[in-house]
Amino acid sequence: LYAFDIVMVILLGRFLTKNLPGEPVGLIMEMPDYRAPMLRTVIMKTWVRTKDFIYVALPLIVIGSVFLEFFKVTGFIWTFASFASPIISGLLGLPAESAIPLIFGILRKELTLIMLIEVFGTENLGSVLSGSQMIVFSLVSMIYVPCIATIAALVKEFGWKRALIISAVSVGLALLIGGVANIFLHVAGF
């Protein structure tokens, strides 16, 4: 999966370099002599970098987690699963319940696998998913929008419109690659 991810980054990079207007920016830069940093400078730069996360992304993660728990308690989460079933089961070949970690994994992507274990009620995912389903689930969760914190960073950097376009393209690409992988794995008999 990691090799596939690296190949995909290289191919997308080449495609975007050829199709986006403007000249590519060189990546070679002069490096100054190394000096031990001063503690005050390290603390200030660390604060500047974490401040945005604390003020923008953390509240979104907390609010998203509250909504996730609310949907679990009310049972509304299963409505999401049945709504997404044509894509999840039809295109990706995954059980309908797999929609829950994929949809709510956007809130906390690092917990997607834990949510999958929770949904199926077993740590032995091999008993509920085939090998090809595990590969498809891994590919889709690896490629689609990373998490709400990344979306917040995209909004800050590019604005709402471009952030939504980037997110939609990312989800579409994940579904396309997941669907192609599902078909390929079934044809290959995996």
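Backbone N, Cα and C atoms are what each Cβ position is placed from, and that goes for glycine too.
If you look up TrEMBL, you'll see 1-49 marked as domain 'Ferrous iron transport protein B C-terminal'.
Here TrEMBL flags 53-71 (among others) as transmembrane segment.
Taken from TrEMBL, the feature domain 'Nucleoside transporter/FeoB GTPase Gate' applies to 55-161.
Sequence-distant contacts of the transmembrane segment (135-155) (same chain, at least 6 residues past either end, Cβ-Cβ under 8 Å): 1, 4-5, 8, 52-53, 56-57, 60-61, 64, 92-94, 98, 101-102, 105-110, 112, 116, 129, 162-163, 166-167, 170-171, 173-175, 177-178, 181-182, 185, 190. Under the heading transmembrane segment, TrEMBL lists 135-155 (among others).
Look at TrEMBL and you will find 164-185 (among others) tagged as transmembrane segment. Residues 8, 87, 91-93, 132, 135-136, 139-145, 151, 154, 158 of the same chain, all 6+ positions outside the transmembrane segment (164-185), place their C-beta atoms under 8 angstroms from a C-beta of that stretch.
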Query raised in the report: For the domain 'Nucleoside transporter/FeoB GTPase Gate' (55-161), what are the DSSP-based totals of helix, strand and coil residues?
Result: 85 helix, 0 strand, 22 coil
